[in-house]
Amino acid sequence: MPRAGLCSCWGGQILPLLLAYICYLLLGATIFQLLEKQAEAQSRDQFQLEKLRFLENYTCLDQQALEQFVQVILEAWVKGVNPKGNSTNPSNWDFGSSFFFAGTVVTTIGYGNLAPSTEAGQVFCVFYALMGIPLNVVFLNHLGTGLRAHLTTLDRWEDHPRHSQLLQVLGLALFLTLGTLVILIFPPMFFSHVEGWSFREGFYFAFITLSTIGFGDYVVGTDPSKHYIAVYRSLAAIWILLGLAWLAVVLSLGSLLLHRCSRLWLLIRGLDLKDGTAPDSDPRPQKIPISA
């Protein structure tokens with residue numbers, strides 16, 4: 001019997017979900033290939049052309065010497081050293097940058113543009129992540145749980161007058177709107193201004209960061225030609241933590257706001273139970289748990 005139950009669960013729930021998951025990955029792979037493969041080939045051809053032009057202008061170099069120099073540049077980039085500029089470039093491991101890196105570790109963003117290069121740093125990073133990632137998850141979970149516990153005090157909101165219900169819905173909508181502006185609109189505008197990006201690039205960076213994808217193609221505070229304030233990357237790390245906390249709040253408030261809007265719409269249209277649409281039933285609307 002347990003084996004039959006396991007097979008039924010696998011066939012009824014897990015297998016369709018697995019197939020949907022695989023199909024979603026295949027769809028993403030196909031679209032990304034169509035969108036990016038040709039651009040990659042063009043970039044590769046352009047890079048090879050630039051190398052040939054460089055050799056033509058500097059005849060004292062040969063192909064092997066140039067390849068060795070490119071390898072040196074790549075190794076420097078892997079170690080977090082920007083090939084642009086000179087030795088006066090700001091350190092990637094000052095306190096502000098280190099604080100930013102610590103934030104990317106515990107939030108699992110991991111841009112990939114910077115990593116410990118020493119043996120001691122790599123060992124410490126492992127143990128720091130082992131402790132920091134669970135701490136970050138617990139913090140975000142407790143934040144969402146605390147918010148839901150606070151919202152349970154509003155569970156009997158349908159007993160309030162209609163104008164009070166409307167004010168509650170408008171208050172939730174205003175809270176979500178202001179939070180979205182503070183977390184997802186104003187920071188990309190600020191980063192775009194400081195880094196010289198377009199707003200599209202700034203919003204792309206914000207989304208990729210707060211979703212913890214962290215490709216590393218756009219990272220704040222890495223352009224050696226710009227003079228950043230000392231706390232710039234520290235402020236970016238604080239924004240990341242606040243942004244992740246905001247996402248936890250949105251997940252708790254989103255379903256509540258949708259429920260409130262649907263109930264208010266029914267009240268406005270006169271379709272609620274108190275208007276007599278179901279006289280044989282309990283005139284009080286059925287409560288829907290907020291934590292659902």
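Using the three backbone atoms N, Cα and C, a Cβ is placed for every residue, glycine included.
Some features that TrEMBL has for this protein:
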- 87-145: domain 'Potassium channel' (DOMAIN)
- 181-252: domain 'Potassium channel' (DOMAIN)
- N86: N-linked glycosylation site (CARBOHYD)
- 12-35: transmembrane segment (TRANSMEM)
- 95-114: transmembrane segment (TRANSMEM)
- 126-147: transmembrane segment (TRANSMEM)
- 167-191: transmembrane segment (TRANSMEM)
- 203-221: transmembrane segment (TRANSMEM)
- 236-258: transmembrane segment (TRANSMEM)
Open item on the list: Which sequence-distant residues neighbour the transmembrane segment (12-35)? Criterion: at least 6 residues beyond either end, Cβ under 8 Å.
Closed with: none
- [ ] Helix, strand, coil: count each for the residues of the domain 'Potassium channel' (181-252), based on DSSP.
- [x] 48 helix, 0 strand, 24 coil
Open item on the list: Please compute the mean pLDDT of the model over the domain 'Potassium channel' (181-252).
Closed with: 89
- [ ] With a Cβ cut-off under 8 Å, give me the same-chain residues at least six positions beyond the ends of the transmembrane segment (203-221) that come close to it.
- [x] 96-97, 100, 104, 107-113, 183-184, 187-188, 191, 194-195, 197, 228, 232-233, 236, 240, 243-244, 247
- [ ] Helix, strand, coil: count each for the residues of the domain 'Potassium channel' (87-145), based on DSSP.
- [x] 39 helix, 0 strand, 20 coil
